[in-house]
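Asks: When I checked TrEMBL for this same protein, it listed these features:
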type	residues	note
COMPBIAS	206-218	compositional bias 'Acidic residues'
COMPBIAS	382-435	compositional bias 'Basic and acidic residues'
COMPBIAS	443-473	compositional bias 'Basic and acidic residues'
COMPBIAS	480-514	compositional bias 'Basic and acidic residues'
DOMAIN	6-172	domain 'PPIase cyclophilin-type'
DOMAIN	251-329	domain 'RRM'
REGION	177-196	region 'Disordered'
REGION	206-227	region 'Disordered'
REGION	370-514	region 'Disordered'
Amino acid sequence: MSVLFETSAGDIVIDLLVDYAPKLCENFLKLCKIKYYNFSPIHSIQKDFSFQTGEPLGPLSKACDGGSSIWGLTSGDPSRKTFPATFHPQLKHVERGTVGMATRPLSSDPDTKLAASQFIVTLGDNTDYLDGKSAIFGKVVEGFDVLEKINDAIVDDNHHPLVDIRIKHTVILDDPFPDPDGLREPSSSPVPSKAQLATVRIEDDINLEDLEEKDPEEDERRQREREARQQALTLEMMGDLPFAEVKPPENVLFVCKLNPVTTDEDLELIFSRFGKILSCEVIRDNKTGDSLQYAFIEFEEKGQCEAAYFKMQDVLIDDRRIHVDFSQSVSKLSDVWRSETNKKRATGSKGGWGGVKELEKWRKYREEDDEDRGKHYNMVHSVDDMSSRGKGGDDQGQRRNAGGDRRRSRSPRDRRDDAREWNRHQRDRDYDHRGQQYRAKGHPLDRDLVANAARDRGRGRDERNRLDRHDGSGRGGGSHSDEHRFRRDGRDQDRGWGRERNRDRGGGGDNRRR
């Protein structure tokens, strides 16, 4: 259950502890529902301790009666304006933003505390002084910046703020309690009464500086400064300024209304009598190279620039009366700052990472060096490891020897498997090569011959697969005899292919002779 308070200092959201203080929460929610707290002043502000509110008129009004509970308002019975407050033993004032009902002791029984509508919000931690005096029923969950504003408010001797801080509106986010008899919720927020308006000291929307008598020239100066700061911030966001607080150099002179024929050397010769010139540049068009009729002259010292400013105003140069002023341009400073920043980010020569000393490169897998790898990817394995894997042979043996003399000898079965695989590849390649030669010589292709060769080749592959399965299951069970039989079958297939080819050639020759 939550309630949103809209105050002149900002919005505050209060969560209600319904399970610990149901009676207090019900009274608070129903008072918010009928807009009882609207325009109630915030008073009794004690820095880093607490503030109090909840009475529509406030302590500055003589008609202030301390407020009333929801049951006193709905019934009209003065005896029900207050009700006994409950103090849960687990709820203490230990953190900022604790909300509790303000209480007073019953005259006939001092141990019984009565509550009405006013509540207290703590502005500091460990305010246990309020335990037993303020009945806790909620806590602030949003709007701690508003509490800071209230805490820093200017107050008088009675802790009342000089500038009014008031509750403007209340919004109930959740209400689990049924409405009591006679409760009527207004359709809109009521306007402040005359009695409430009479308690206003200084309106919250009035600035204290506006009440002081000011010089018109001072107001204009402040307005110009405010506009200049806004424009500088805009230029910083656009990237035209490195930062908004940058100031133009004091040793650079701006010269305008120049004759288009005036060159850099002419200006440098004329202005050099005031001191050493570091740079003199007439600004020209990028495409045509024509003079834009203004220039920047950078002196070595600030006093030399000021002397040139006072002496060279409206001086005739090349039949043109020039105008001089102190330069307001920071373009050169911006270019230097931008180039240095980009250089730091590109090279990483300064700072911990990316030109910033506080940053450090993230190393995910292992200790890595910070050298520039160029276009190579940052892999877990180095480039040398990957290249040596592809080479094999001597490089692989050397890498093994580098880690220790641990060589794995190859068994006879491994060498036999490699030889068998090589024989398969050679035989298939010989078959394809013979077929291509046969077609190239112009002999007619006998389909039966091709079919027989394919069948024999498939039979040989089936036999090889069977032998492989037999070797894999028996783990070298019939090694020598199976290998001998496999090689013999291969030679028989080669002889059969040669006899069929010779027979076909002989038949072809007989046909040609006929």
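Using the three backbone atoms N, Cα and C, a Cβ is placed for every residue, glycine included.
Since we're looking at a predicted model, the values are computed, not measured.
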Asks: Which bits of the chain, at least 6 residues beyond where the region 'Disordered' (177-196) starts or stops, bring a Cβ under 8 A of a Cβ in it?
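Replies: Result: 22, 25-26, 29-30, 33-35, 38-39, 56-57, 61, 63, 70-71, 74-75, 169.
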Asks: Residue counts in helix (H, G, I), strand (E, B) and coil for the domain 'RRM' (251-329), per DSSP?
Replies: 21 helix, 30 strand, 28 coil
Asks: Over the span of the region 'Disordered' (177-196), count residues by DSSP class, listing helix, strand and coil in order.
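Replies: Per DSSP, the residues of the region 'Disordered' (177-196) fall into 3 helix, 0 strand, 17 coil.
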